[in-house]
């Protein structure tokens, strides 16, 4: 019987630092067995470019799960259409990048793996290839048939979830609705209990407008949308407070008594999180039937293949994925 979490790791955009940070794993203590999904030739070529001495072993579906072995990584080969060069995007390879996610979903559905960790992809080149793509979060939600998911970034004791994700700022206010906000808070509360083993999680909710609307003088979303949802959930004994002015919420006095923050939009919450824990933070998708974590950074094309990429966030993403699998098992999920 397999007891240790079985982790899948998609390599991401092959021209970026995804291959670099994945290869670094061969020299680190990992939380459990990891299977890479990507182009085997690309990984071998990048290892040569970086001067890394390791073994890359092909893995076929149906094989025993890879054992932990220092200096060895196992790869489920998903070939690229064109050879990969560090730092140079190629639209022809965009379908293969998405194929790694599809292959991972196949293994998860089959019960052959327990969690998915993703290295960064390049949204622009995928869209340039004629494939509509907003991001990992939305792609995996569609693949899982999950009507609503929540993006959470966590690092150095701070957890920040988002009420809206990849939207132009001009569209945010209209996207913050009572129904959507209630769903987001319920997903966040459940994840804090089941994935992070917090029995009574405490959540701080940010306002949308400066000064949380200043009593309606700087916007009505706090009074009309956010506060009623908070009050309703408080009536169910959930430990949720707000709406707080965002510049007040992100201060030590309030954060020390909180398990998570809900920000209304991407650039309200994530700049603080990344300033606090960049390179150590983990992106976690809540509301999926699978466990999915990712790094807190992008493809960094400018340093791909140079040896300057740091894999700290990826190591923490693997640790977090394994921890969530264990916590869900303990909770009977």
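Even glycines carry a Cβ here, placed using N, Cα and C.
The substrate binding site annotation in Swiss-Prot covers 136, 137, 274, 283, 292. Swiss-Prot lists 166, 211, 266 with the feature divalent metal cation binding site.
Overlay of Swiss-Prot feature records on the structure.
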{"residue": "136", "record": "substrate binding site", "DSSP class": "helix"}
{"residue": "166", "record": "divalent metal cation binding site", "DSSP class": "coil"}
{"residue": "211", "record": "divalent metal cation binding site", "DSSP class": "helix"}
{"residue": "266", "record": "divalent metal cation binding site", "DSSP class": "helix"}
{"residue": "274", "record": "substrate binding site", "DSSP class": "helix"}
{"residue": "283", "record": "substrate binding site", "DSSP class": "strand"}
{"residue": "292", "record": "substrate binding site", "DSSP class": "strand"}
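For the pair residue 283 (substrate binding site) and residue 211 (divalent metal cation binding site), the C-alpha distance works out to 28 angstrom. Nearest Cα neighbour of residue 211 (divalent metal cation binding site) among the listed binding-site residues (136, 137, 274, 292): 274. Of all the binding-site residues listed (136, 211, 292), 211 has the fewest other CB atoms within 10 A of its CB. Take 136, 137, 274, 283, 292, the residues named in the record as contacts for substrate: the widest Cα to Cα gap among them comes to 19 Å.
Between the CA atoms of residue 166 (divalent metal cation binding site) and residue 137 (substrate binding site) there is a gap of 10 Å. For residue 166 (divalent metal cation binding site), the number of other Cβ atoms no farther than 10 Å from its own Cβ, over all displayed protein chains, is 13. A straight line from the CA of residue 137 (substrate binding site) to the CA of residue 266 (divalent metal cation binding site) spans 13 Å. Long-range C-beta contacts of residue 274 (substrate binding site), restricted to its own chain and to partners at least six residues apart, with a cutoff below 8 Å, comprise 153, 281, 296. For residue 283 (substrate binding site), the count of additional Cβ atoms within 10 Å of its Cβ stands at 26 [all protein chains shown]. Taking all protein chains in view, 23 other C-beta atoms sit within 10 angstroms of the C-beta of residue 137 (substrate binding site). For the pair formed by residue 266 (divalent metal cation binding site) and residue 136 (substrate binding site), distance between Cα atoms is given as 15 Å, rounded to the nearest Å.
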